[in-house]
Amino acid sequence: MASPLHSIQLPLDDDLLLMQTGSVLRKVKSRSWKKQRYFRLQDDGMTVWYARQAGGRTKPSFSISDVETVREGHESELLRSLADEIPLEHGFTVVFHGRRPNLDLVAGSIQEAQSWVQGLRRLLEIITSMDQQEKMDQWLSDWFQQGDKDQDGRMSFPEVQRLLRLMNVDMDPEHALQLFQDADKSESGMLEGEEFVEFYRALTQRSEVLELFDMISGDGQKLTLLEFVDFLREEQKEGEQASDLALELISRYEPSESAKLRHILSIDGFLAYLCSPDADIFSPARRPIYQDMSYPLNHYFIHSSHNTYLLGDQLRGQSSVEGYIRALKRGCRCVEVDVWDGPSGEPIVYHGHTLTSRIPFQDVVATIAQYAFQTSDFPVIVSLENHCSREQQEVIAQHLTEILGEQLLSTTLDGLLPTQLPSPEELRGKILLKGKKIGTLEEELGEASGDPEELEEPGEEEEEPEPELEPDPLDFDETARNEGKRKKSKSALCPALSALVVYLKSVPFRSFAHSKAHYRLYETSSFSEAKARRLVKEAGNEFVQHNAWQLSRVYPSGLRTDSSNYSPQELWNAGCQMVALNIQTAGLEMDLCDGLFGQNGNCGYVLKPAFLCDPQSSFHPERPSSPTLTLLIQVISGQQLPKVANSKEGSIVDPLVRVEIHGVPGDTARQETSYVENNGFNPYWGQTLQFRVRVPELALLRFVVEDYDRASRNDFVGQYTLPWACVQQGYRHVHLLSKDGTSLHPASIFVHIQIREEPDEDED
C-alpha cells in the first residue's frame, strides 16, 4: 500500500504507469558483464527497486533525488562501444550526483526505452520544482514507508520503535509510548498518515529555538516587526537593510495570513526562516556571480583538474570521457588531456606506460565541446600533454580545429600583442589551449624580440626528481623536470598545433629571477606539488609576486598512484591560479576545492585578494602581518544526522562537531565539541569554539560531523566547507554534505557565528 503521507503526486502518464508496472532491462557494466534485472518504480514515485526476476526479492536500486540526468543510448560511452551487439536506441543511462558510477540499461524495445527516459526526466522535473516544505513532506513519506514493515499504511508501536532506531533516535520506551499515544487520536493503537506527522512534530520540537524565540519576543507568543528588525540587525548583522528585509522574510516564511497582514512572526514562521536559505551560513548574495570578471586571467583562482580522463587510480584506473563531463559540470575550468600515438593514425588519451584504459582523443575533444559551457560561460583551459609523433600531432590540431570550431581561441582577441592577459569576461565561451609553442607571439604578430632564450627553451631539472611512471618524449606540461635528460629538437613540435597555443605557452621554470628577466606574461610554468610547496616556504613573497603577473599550474606528485590529493590551500596562499587536483577522489582536499569555488556562481573563477595581484606585494604567506580577527562559533544543536554508511540497523551515532580553519599557516586550526551519546536525531552541544584569524581573505571554514568511536578512528557523518567571505553571522544552519559532496537533506547543525576585531597582542 502506498504511503498515506504526501508522496509525489504522479501525473496520469503512460510512461510512469509502465515504470510502475516494471520492466525487464539488461544492466550493462562492460562487454563481458550484461545481466537481466527487473526494475520497477515504487508507488511513492521516488525510488526504483530491482530484482533478479519479476516477482523475485526486491532491493532498492536508486532514489530519483540521487539522479542528476538521464541520457539516451547514443550518449553513453559504454553502450556506444557495444553498438555491434546492442541497438543504441534501446539503451539509456542514469547519471547520479557525486561520484557514483553511471547505470547503463538496455530495454527490449525503443518504445520501452523511451518510456523510461521520458518518465525519469518527468520525475526529475517534479523533484527539482519542490519547495522546502514539499521536500520535507517527501522525506517524511520515505521514513513512513521504511517504518511500515508490513506495508499496510499504518504503524504499530513496535514499528515506531524500530523506525526511531533507523532515524538515529535512542528514546526512553515510556516517553516514546507517551508521544505515540498522544498522536493516536483515533485510539486505534496504530498511527496513520496525519497521526504520524503529529508524532514526528512532537519528536522534533526544537527546544533551543523556542528558548531563542522566548528570549527575543516580548510575550513569548510572537515577534513584532520591531522585535524582528532588532533581531536581524543586532544578532544576524543585517545592517541597514534589516527593516526592509524583515517585511520580506515575514511575507516569505510566516504561514498565517492574518499574522502576515499584522506584520508579525509566529514561532512556526521563525523556525521556517531559520531553516531557510536566508538563514543559511552561506550568504545568498555570494551564490550568484558577484565578483568583477574583467581583470586579467592571472588575477583569479581557476578550478583545475589533474588527469581529468581518469575515474580511478593512476595505474589501472578507467579512462573515460565521463571524467571530462563530471569535471566540466562541477564548474572545472582547466582540464588535462594526456595524448599518445594511437592505432590507425588516431591519437589516444590515457596515462602512458600504465594499465589505464585508452579513449580516442577525438571523443575527448567532442565531449569538451559539448559540455564546456553548460555550467559556466567563462573560458575553459585545455592543458595538453603531447606525447605524439609529428604525424599524429597534425591529427590533434585537425580535431581541435574542426570539432571546437569557433569555440577554440587561435589568435589574440584583437590581433595585437597583449599588454596583459585577457579577462574571463572577454574570453566568455572560448576554449584556450595550454601547451608548448614554437617561437613567440611577437614573432607571429611581426614584433619579434629576438630574445636568445627563445631559441632553445632548455628543460628543467628538479632538485628532488620524483619517480616517473612513463618516459615522456614530448610533454607539454608535467615532465619538464626530465627534459634536461632528453632534449628534443623544436622541430618535433608540429607548427599547426603550436599555432593554436596563444595566451598559455608552457615554459620550464628555472628561478623567479630567470622568469622575470626572460619570460613574458602569456607564458606559464608548471610545478610539482613538492617543488611548489618548497618555494612557498623558501621564497613565499617571490612566489606571490610571480603569480601576480604570470599564471602557474601545480600538479600532484607522480607518487600519488592512488589518485590521492595534496592540500591546495598552501598553494592558493601564494596566489597559484591553477592548483590541479584529482577530482575523482573525495576527501578533505576536494572539500576545500568545492568550498572555494562554490561561490561566485560556481563559475570556476574566484578573484584573488588584492595583495595577491600586486607584482610589488610584500605579502608572505608564511609570515603575514595584519590585524587579528576573533571568530566565535557556538555549536548549538544538530538535526536529523544520517547514520554512518554500512552501519548496523540498530546502531545510533554518538556525534561530535569539529570546526576547522584552513588558511595561512598561522590561521590553520581545529577544535571540536564533546560527543553526544546515542543521538543523531536532535543532539545538543551548546559549546563555543574560538579562533584567531589574521588573513580572512584566504581562510576557509569547514564543519565536520563525526560519529565518536572510543576504540578506533571516528566515522565520517557529514561536512560543509565555505570561504570566510561567504559566512553570515548570527544564528545559522549549516546544511551538511556527504563525503561525495551531495546533499544530506535535511541533516544540519545549528550554530551562532560572531566575528569581531581584536587588538593584536603580538604587536608592540
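Note that Cβ sites are derived from N, Cα and C of the backbone, with glycine treated the same way.
From a predicted model like this one, the values you see are computed outputs, not experimental measurements.
Feature annotation from TrEMBL assigns domain 'PH' to 17-125.
According to TrEMBL, the feature domain 'EF-hand' maps to 135-170 (among others). DSSP states for the domain 'EF-hand' (135-170), grouped as helix (H, G, I), strand (E, B) and coil, give 23 helix, 2 strand, 11 coil.
The list of residues near the domain 'EF-hand' (171-206) in space but at least 6 beyond its ends in sequence, with Cβ under 8 angstroms from a Cβ of it, reads 3-5, 140, 144, 153-157, 160-161, 164, 271, 637, 639, 681-682. What TrEMBL lists as domain 'EF-hand' is 171-206 (among others).
Here TrEMBL flags 442-477 as compositional bias 'Acidic residues'.
Per TrEMBL, the feature region 'Disordered' maps to 442-488.
On the 0 to 100 pLDDT scale, the model's mean across the domain 'PI-PLC Y-box' (497-612) is 97. Residues annotated as domain 'PI-PLC Y-box' in TrEMBL: 497-612.
Per TrEMBL, the feature domain 'C2' maps to 611-738.
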For the domain 'EF-hand' (171-206), the DSSP residue counts stand at 22 helix, 1 strand, 13 coil
DSSP puts the residues of the domain 'PH' (17-125) at 35 helix, 40 strand, 34 coil
What DSSP reports for the domain 'C2' (611-738) is 8 helix, 61 strand, 59 coil
